[in-house]
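Below is one structure, written out as structure tokens; the observations come after it.
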Amino acid sequence: MASSHAVLMRLVASAYSIAQKAGMIVRRVLAEGDLGIVEKTCATDLQTKADRLAQMSICSSLARKFPKLTIIGEEDLPSEDVDQELIEDGQWEEILKQPCPSQYSAIKEEDLVVWVDPLDGTKEYTEGLLDNVTVLIGIAYEGKAIAGVINQPYYNYQAGPDAVLGRTIWGILGLGAFGFQLKEAPAGKHIVTTTRSHSNKLVTDCIAAMNPDAVLPVGGAGNKIIHLIEGKASAYVFASPGCKKWDTCAPEVILHAVGGKLTDIHGNGLCYNKEVKHMNSAGVLATLRNYDYYASRVPESVKNALVP
């Protein structure tokens, strides 16, 4: 009986399958060729048909199975009947075989907040930079990100026409993170990953102060955290207010579950309760190792400009 499993484990097992379905939707929309692009606030803030359909799929699938959840999605969509083909009611059985960390075993459905970014890296998606794209489902309890799922719809897409596309990474604090090979960036190298399409003077000043050996501008918060856990970068630095809670909730869990750290630019942890403002107005600083090195180099001028 599924009901014998803790709510959190059932939710993560469902979110895994739901994220895979969303990844398939993202691939299908691109293959069909009509992206249905809409500008939201500016030319770098885009929404596509894939964003809309993937969010409908994720939020409706979760709400049907867990009606007492609070679900906060990036896209502002009208409430309407959702096509049955968008609903995913499967669950990843491998997750249900894992023990629920004891501190979360008695959590009730109504205590959880789910933050959804149906397509992180939309601008890159429209430009064909497909390895930047992720689907993010983050789960928070008492304001803290405790579980997360990241689907990469186009993982492996450069490996040729016969490659199997996509992978799903998941994690729970106190249990670990799975679906990837943890690797550290080269020792002694300061490789900073940062925004590709939302840079400004604060961002560049902050990165310069880190004295980096290399800077990797890429799209998507999910993608940047994957850079950290796979050893491509040693820090993710974004000294600007552009990032939102649905961008960071799931990736933060994956990073924290393997011993990394994600904060705002002042070193404060991020809060994910349902009343919190959506914008991470004091930016993001994240590392797998050596957090203190990067945190100590953030200029006071940058801190003063970014109010939590």
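Sequential numbering from 1, following the chain as shown.
Glycine is no exception: its Cβ is also placed from the backbone N, Cα and C atoms.
Where the annotation comes from TrEMBL, it is an automatic prediction and has not been curated.
In TrEMBL this protein carries:
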type	residues	note
BINDING	Glu74, Asp117, Leu119, Asp120, Asp247	Mg(2+) binding site
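In sequence order, Asp51, Val116, Pro118, Gly121, Thr122, Thr134, Val135, Leu136, Gly220, Ala221, Gly222, Lys244, Trp246 are the same-chain residues whose CB sits within 8 A of the CB centroid of Glu74, Asp117, Leu119, Asp120, Asp247, the residues recorded for Mg(2+) being left out.
Ranked by Cβ neighbours within 10 A across all protein chains shown, the binding-site residues Glu74, Asp117, Asp120, Asp247 are led by Asp117.
Same-chain residues at least 6 positions away in sequence with a Cβ under 8 Å from that of Leu119 (Mg(2+) binding site) are, in sequence order, Ala22, Val26, Thr48, Ala50, Asp51, Ala54, Tyr125, Val133, Thr134, Val135.
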